[in-house]
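The Fe cation binding site annotation in Swiss-Prot covers His54, His58, Cys128.
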Amino acid sequence: MPLLDSFKVDHTRMYAPAVRVAKTMTTPKGDTITVFDLRFCVPNKEILPEKGIHTLEHLFAGFMRDHLNGNGVEIIDISPMGCRTGFYMSLIGTPSEQQVADTWLASMQDVLTVQDQSKIPELNEYQCGTYLMHSLAEAQQIAQNVLARKVAVNKNEELTLDEGLLNA
């Protein structure tokens, strides 16, 4: 099985919260797709709570689109990582890491303005696979943490995993 790009970076050297360009690719029609690693937690030291990450998934996707879409950028998807340390964001375009970081901070501020769990989008059994597994309080605590710590940039050239550690 081929080694995925996300497993070629040294997770012991990642900062969090931090933005990283995980991958770029060009479609046959010439559009650039960029995948960002939005790392909320330091790998193997912190983890996002399951209800909080789920609620954040519902809120974050809309807020990020509100702030970032336009001027040649369109978000395709924002999905939580299986390890629960962050999200992957795939988009058409090439916004800078700083632009993404600023958008992320603005989105976290938006999360704090949600006043009631009933205001979480798509929070019903028809649109959500585990609609009872939510916590606005946990999502807002995650947002507070990001705002307090700010968002750094993780550079791939600083995180390249030593070949000797592959499959260690």
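We number each residue from 1, going along the chain as drawn.
Cβ coordinates are placed from backbone N, Cα and C, and glycine is handled just like the others.
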**Asked** Among His54, His58, all listed as binding-site residues, which has the most CB atoms within 10 Å of its CB?
**Response** His54
**Asked** By a simple count, how many Cβ atoms lie within 10 Å of the Cβ of Cys128 (Fe cation binding site), its own Cβ left out?
**Response** 17
**Residues within 8 Å of the His54, His58, Cys128 Cβ centre (excluding the Fe cation site residues themselves)** = Thr55, Glu57, Ile120, Glu122, Leu123, Thr130, Tyr131, Met133, His134
